[in-house]
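Enquirer: The structure under discussion is supplied below as structure tokens; questions concerning it will follow.
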Amino acid sequence: MSDTKVYPVPDYIREKAHITKDTYEEMYRRSLDDPEGFWGEQAEKFLDWFSKWDKVYHSDLKNGEIRFFEGGKLNVAHNCLDRHLEQRGDQTAIIWEGDDPNNSEHITYKDLHERVCRLANAMKARGVKKGDRVCIYLPMIPEAAVAMLACARIGAIHSIVFGGFSPDALKDRIQNADCETVITADEGVRGGRNVALKSNADKALESCPDVKNVFVVKRTGGDIDWKEGRDIWYHEAVADVSADCPAEELDAEDPLFILYTSGSTGKPKGVQHCSAGYLLGAAMTHKYVFDYQEGEVYWCTADVGWVTGHSYIVYGPLANGATTLMFEGVPTYPSAARCWEVVDKHNVSIFYTAPTAIRALMGQGNEHVTKTSRKSLRILGTVGEPINPEAWEWYYNVVGDGRCPIVDTWWQTETGSILIAPLPGATDLKPGSATLPFFGVEPALVDPEGKELEGAASGNLVIKRAWPSMMRTVYGDHKRFMETYLAAYPGMYFTGDGARRDEDGYYWITGRVDDVINVSGHRMGTAEVESALVLHDAVAEAAVVGYPHDIKGQGIYAYVTLMAGVEPSDELKKELVKLVSNEIGPIAKPDVIQWAPGLPKTRSGKIMRRILRKVAANELDSLGDTSTLADPTVVDNLIEDRPNK
């Protein structure tokens, strides 16, 4: 289909790039042949150590043992702040862009360091110490980054819960991590509307009697309930303490944070990351995958409630002494030009977002993009799901004016940092492909029996060796870690994703392994069918699932969102069926097409396919938890409008 189109590395990028094709091949080979030497060198280059490690790594994936830089001591906040003060204390660390376009703030490294020390001291004054878990439930405001770094400074372990999660989801996460301290705000602001946070936290905390401290940031000044003795105003707490707080010396393997993965059934699954290996992964990939150059402004549009925000808004950029942009708002408020206006306003060089946002903006029309300059842009990135080639082409040609390489990054909450992605100065691009593995990452494709597949092939994506930023365990449940990730293919990490490797060795992620439809014995990745549907000019977005079919075993059920102003019709349905048939083959023709003005998405933009499968199968009494959806009413509309009643 689109495999044949190749975009070579632009000369102007190659000339200044940190990594070229030759250096990539040489460093990649070395990272596999001499991991001890390679990772030791990178840890010296990217991180500042109080004392050096005894052993570079110990890895036994069969038994779930992963350790890097054992015996070494460092502090993550020191690496993100203190070591930069002499050289770049007055440089902007964080540009905060508020929901309201008139609100923005530049925070220097010196200022950020002081804010972090003050909060660290305020937490210590309330009894928070090394190893304690702290729940952060905040909107996208500077205090979120301050809270993360203040925890890291004193060795407390943060657990961020996305500000859009329900009181129930928050309660489960507070209880699972045994948090005694919560940092929240009165309200958040998003798309021109106030979002309740403190009242949600209060509801959650009714079932969490162990929580002793609740720091409350005053964001809007809205009315909130107050519990004396437990609740404390953030601004008062940080004003009462010293701005001097020495960074705790931590072991390389000491936990840095727990982050709960969405979409898992049953009790929450807390992915636990350690200090040194995680920070090395975040810093290296931030510099090399985005080819970050001194003085550039870097903008990752994620929320800090997701791993992308942890690694590529806060830890990676700040470890590298970069200027990182933090955005409180949404891409379509006050208009669909907002992202590009922010790019122009702050001279953003590198822009990293999700395919779902790209498709939404594409559906709004080109004029919102073309009326802005975007001249400062140099590198574009995508994250969160495979990007269909059409959205890739639009992003490349319309947003990037055909001159900015796109780094299509594949990684997971569990991997801590990017594992498969192009490097701007080294990798020729193919729209829709995550391309090649990062240093030290050895991917493989296996069949369901675990037999490794050679050459061009399709199979389950596994990683054959540990890497520094890999999760170390599921918090409080190592058995679950083993069962979920390491038991399926002993000695390898199972990603849960399917992938195809082409004749050039490029990887194409085909979606979760449970996003495979088996039609009359033919296996088909849902991403493939979705890519065919969105080729049609009338289609903004499509989600495809399997459903029980009397004859074929599984049929193909497509939910289709149309571009603004396009009217649904039977004629259009026929066109779409024909298009898929032409693109992939008659076997891939959708059996059911349902027009869907909205799709059920988590707030990080991931489509909840589990819900789509249930609606398609008419299993409406077992939809499961919908509290993490950005807009739960979408589900009611899908149920109401389903053609298979």
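Glycine residues also receive a Cβ, built from the backbone N, Cα and C atoms like all the rest.
Remember, predicted model here, so these are calculated numbers, not experimental data.
Positions annotated as CoA binding site by Swiss-Prot: ARG190, GLY191, GLY192, ARG193, THR308, SER520. The ATP binding site annotation in Swiss-Prot covers GLY384, GLU385, PRO386, ASP408, THR409, TRP410, TRP411, GLN412, THR413, ASP497, ARG512, ARG523. Marked as Mg(2+) binding site by Swiss-Prot on the basis of sequence analysis: VAL534, HIS536, VAL539. Residues or ranges marked as N6-acetyllysine in Swiss-Prot: LYS606.
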Enquirer: Going along the chain, which residues six or more apart from HIS536 (Mg(2+) binding site) have their CB under 8 A from its CB?
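Expert: HIS536 (Mg(2+) binding site) has long-range Cβ partners GLU575, LEU576, LEU579.
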Enquirer: With every protein chain in view, what's the tally of Cβ atoms within 10 Å of the Cβ of ARG190 (CoA binding site), excluding that atom itself?
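Expert: Excluding its own Cβ, ARG190 (CoA binding site) sees 19 Cβ atoms within 10 Å.
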Enquirer: Cβ within 8 angstroms of the Cβ centroid of VAL534, HIS536, VAL539: which residues besides those meet this for the Mg(2+) site?
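Expert: Neighbours within 8 Å of the Cβ centroid, excluding VAL534, HIS536, VAL539: GLU390, LEU533, LEU535, ASP537, ALA538, ALA540, ALA542, VAL560, LEU576, LEU579.
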Enquirer: Which has the fewest other CB atoms in a 10 Å radius around its CB: THR308, THR409, THR413, the listed binding-site residues?
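Expert: Across THR308, THR409, THR413, these binding-site residues, the one with fewest Cβ atoms within 10 Å is THR413.
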Enquirer: By the count of other Cβ atoms within 10 Å, pick out the sparsest of the recorded positions ARG193, ARG512, LYS606.
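Expert: Looking at the recorded positions ARG193, ARG512, LYS606, the Cβ with the fewest others within 10 Å is that of ARG193.
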Enquirer: Which of the three DSSP-derived classes (helix, strand, coil) applies to THR308 (CoA binding site)?
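Expert: For THR308 (CoA binding site) - judged by DSSP and reduced to three states - the answer is helix.
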Enquirer: Tally every other Cβ atom lying within 10 Å of the Cβ atom of GLY192 (CoA binding site).
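Expert: Summing over all protein chains shown, GLY192 (CoA binding site) has 11 other Cβ atoms within 10 Å.
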Enquirer: I need the least crowded one of these binding-site residues (GLY191, GLY384, PRO386), counting other C-beta atoms within 10 angstroms of each C-beta.
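Expert: Least crowded of the binding-site residues GLY191, GLY384, PRO386, by Cβ count within 10 Å, is GLY191.
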Enquirer: Work out how many Å separate THR308 (CoA binding site) and PRO386 (ATP binding site) at their Cα atoms, rounded off.
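Expert: Cα to Cα, THR308 (CoA binding site) and PRO386 (ATP binding site) are separated by 15 Å.
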Enquirer: Tell me the coarse DSSP state (helix, strand, coil) of LYS606 (N6-acetyllysine).
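Expert: Coil, per DSSP.
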Enquirer: I'd like the Cβ neighbour count for VAL534 (Mg(2+) binding site), meaning other Cβ atoms within 10 Å of its Cβ, all protein chains included.
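Expert: A 10 Å sphere around the Cβ of VAL534 (Mg(2+) binding site) contains 23 other Cβ atoms.
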Enquirer: Name the secondary structure element type, per DSSP in three states, that contains THR413 (ATP binding site).
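Expert: Once the DSSP labels are grouped into three classes, THR413 (ATP binding site) ends up as helix.
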Enquirer: Compare the Cα of LYS606 (N6-acetyllysine) against each of the binding-site residues GLY191, GLY384, TRP411, ARG512, VAL534 and report the nearest.
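Expert: Given the candidates GLY191, GLY384, TRP411, ARG512, VAL534, the nearest one is GLY384.
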Enquirer: Give the distance between the Cα atoms of ARG512 (ATP binding site) and ARG193 (CoA binding site), rounded to the nearest whole Å.
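Expert: Each residue's Cα considered, ARG512 (ATP binding site) and ARG193 (CoA binding site) end up 34 Å apart.
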Enquirer: Translate the DSSP assignment of HIS536 (Mg(2+) binding site) into the three-state scheme.
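Expert: Looking at the DSSP assignment, HIS536 (Mg(2+) binding site) belongs to neither helix nor strand, so coil.
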Enquirer: Under 8 Å Cβ-Cβ from TRP411 (ATP binding site), six or more apart in the same chain: what's there?
Expert: VAL383, SER417, ILE418, LEU419, ILE420, ALA421
Enquirer: I need the CA-to-CA distance for GLY191 (CoA binding site) versus THR413 (ATP binding site), whole Å please.
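Expert: It is 26 Å, counting Cα to Cα.
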